[in-house]
Amino acid sequence: MLADYSILLIGAILVNNFVLVQFLGLCPFMGVSNKLETAMGMSMATTFVLTLASACSNLTYHYLLEPLGLAYLKTISFILVIAVVVQFTEMVVRKSSPLLHRVLGVYLPLITTNCAVLGVALLNINKEHSFMQSLFYGFGAAVGFSLVLVLFSAMRERLAVADVPVPFQGAAIGMITAGLMSLAFMGFAGLV
Amino acid sequence: MALMRITSPHAHGPQKTSWVMQQVLLATVPGLIVLTHFFGFGTLINVLWASILALAFEALALKLRKRPIGFYLGDYSALVTAVLLGIALPPYSPWWLITVGMASSILLAKHLYGGLGYNPFNPAMVGYVVLLISFPVQMTSWAPPRGAGELPGLMEALQACFTPGNYDGVTMATPLDVLKQNNSLLVEDLWQANPQFGRWAGVGWEWANIAFLAGGLWLLYQRIFTWHAPVAMLATLTLMAALFYDGGSSASGGSPLFHLLSGATMFGAFFIVTDPVSSAVSVRGRLIYGALIGILIYLIRVFGNYPDAVAFAVLIMNLAAPFIDQYTQPRTYGHVKSGGGD
């Protein structure tokens, strides 16, 4: 039981990392990784929303779409669920903790367009995960996303002062670095 | 904050880049001799061909960037990358394999980032991993050691490198590979059944590792690097091997001594992990960096898909090194400790 969940977690965090192995969620990965601090904020917000959204979409599918025979609507309804979760989180955080809202605030709406969130929700259905498994899988995906986002942003801060040739400055060298990171992550293949 | 600010006094060190790189080159000599003795001329030809290519690619990149070519070629850093990749590649590799590897090392991993001192990943290991993923067949076929098979002569070795189509070499799985594939024999029987296992780890491998250890200790004595990262790496690798060692059943991952003396352990510990550019820089950072590499090497060797794991473990930690540095900055004298960067 515990072993199953830890395998699910390690698989989602390292072996099938959503950014570097499955290439989901690349937009925030490239967009919010210029500074370590913003990357930290984005990671926390994404972890929270991704875990919650994967649980909610699992419930939606099993208790709403499946009984009504509307499984073919899953993509569009998951988009709705994710948008609702993001909006809800934003409202709760703004009222309950203004400080946290200041840290996460800008990133929350951005998460709606993070394809890793929708990807996790759909993969949970494809892999026929139970509710708890969905929760763990979503959490693992979020931790994996956060891990590489934070490491990448620390690396980009260093790249910002490197003597990169002019044609490769900025996003180009970021893409190349992301590619090399993906190469490194292939070493985890076969661990679980 | 991206750079560490260090206050005065600023003392001059006698170490110049070219001198440091020369020492590193010199320290690989014992290992090269042992590899040549046990596996034939293949490694030497790898190193020579890689060195020629490294200088050519380096000159090309410098010319494109309009930098002084002679000045940068004189720092020997491209040669060090070439020698390290040449040692890491299997002996009797075809010329195109080495060319692709050197192009990835020098052009992709080094000069796209601005050249010496800016590369976030170890260039030699980037070249190695690019090759390992793109050409797994060529990269995992290792020559049989002296005693387990006949060593090709110099002409045959040259033929293997430059006219690979005409060369029909014998290959043999490395001890690490054999141990990984094994799931039926006890370790002791495995030792009996395969000629490539030596006294402790593998014929040739154990002596090559001891030679690289000797070269590394000499570099340590010359103060080319500090002891933190290599010692931390070897310590955690030993610890992991000891924790998971079950006395030699068929599912065993190998004894600590086997892991210390086989594959690229010592070569990695003293020549790759200690790369001053791509590793963590603070003392605590180096300890963490080395320790995690040791753990990753064991995990990937025993549970992963690849027989040896030094290159992957180093690249994975290379990408974590800036983050580690950010959180292990030493306290500046006279300042109160602050959490993380400012």
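Each residue, glycine too, has its Cβ placed from N, Cα and C.
Automatic prediction, not curation, is the source of TrEMBL annotations.
Residues 73, 76, 78-87, 89-93, 95, 98-99, 101-103, 105-107, 142-143, 145-146, 151-154, 157-158, 160-161, 203-204, 207-208, 210-212, 214-216, 218-219, 224, 267, 270-271 of the same chain lie 6 or more positions beyond the ends of the transmembrane segment (B:24-57) yet place their CB under 8 Å from a CB of it. Per TrEMBL, the feature transmembrane segment maps to B:24-57 (among others).
As annotated by TrEMBL, transmembrane segment applies to B:69-89 (among others). Beyond the transmembrane segment (B:69-89), the same-chain residues lying 6 or more positions past its ends with a Cβ under 8 Å from any Cβ of the stretch are 17-18, 21-22, 24-25, 28, 31-32, 35, 43, 46-51, 53-55, 57-59, 62-63, 97-98, 101-102, 105-106, 110, 115-116, 123-125, 127-128, 131, 139, 264, 267, 271-272, 311.
Annotation source TrEMBL lists transmembrane segment at B:95-113 (among others).
The feature transmembrane segment is assigned by TrEMBL to B:125-143 (among others).
Marked as FMN phosphoryl threonine by TrEMBL: B:THR174. B:THR174 (FMN phosphoryl threonine) counts 24 other C-beta atoms within 10 Å of its own C-beta, drawing on all protein chains shown.
Annotated transmembrane segment per TrEMBL: B:200-220 (among others), in sequence order.
Under the heading transmembrane segment, TrEMBL lists B:227-245 (among others).
Residues or ranges marked as transmembrane segment by TrEMBL: B:257-274 (among others).
Taken from TrEMBL, the feature transmembrane segment covers B:286-303 (among others).
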In contact by Cβ distance (the transmembrane segment (B:95-113), the transmembrane segment (B:257-274); 3 or more pairs under 8 Å): no
Outside the transmembrane segment (B:95-113), six or more residues from its ends: residues with CB under 8 Å to it: 46, 49-50, 53-54, 57-58, 60-61, 65, 78, 81-82, 85-86, 89, 119-124, 126-128, 130-131, 134-135, 138-139, 161-162, 164
Same-chain residues at least 6 beyond the ends of the transmembrane segment (B:227-245) whose Cβ lies under 8 Å from its Cβ atoms: 216, 220, 252-256, 258-260, 265, 268-270, 273-274, 279-280, 283, 286-295, 297-299, 302
Same-chain residues at least 6 beyond the ends of the transmembrane segment (B:125-143) whose Cβ lies under 8 Å from its Cβ atoms: 39-40, 42, 81, 85, 88-94, 97, 100-105, 108-109, 149, 151-152, 169-174, 177, 272, 306-307, 310-312, 314-315, 318
Reduced DSSP assignment, B:THR174 (FMN phosphoryl threonine): coil
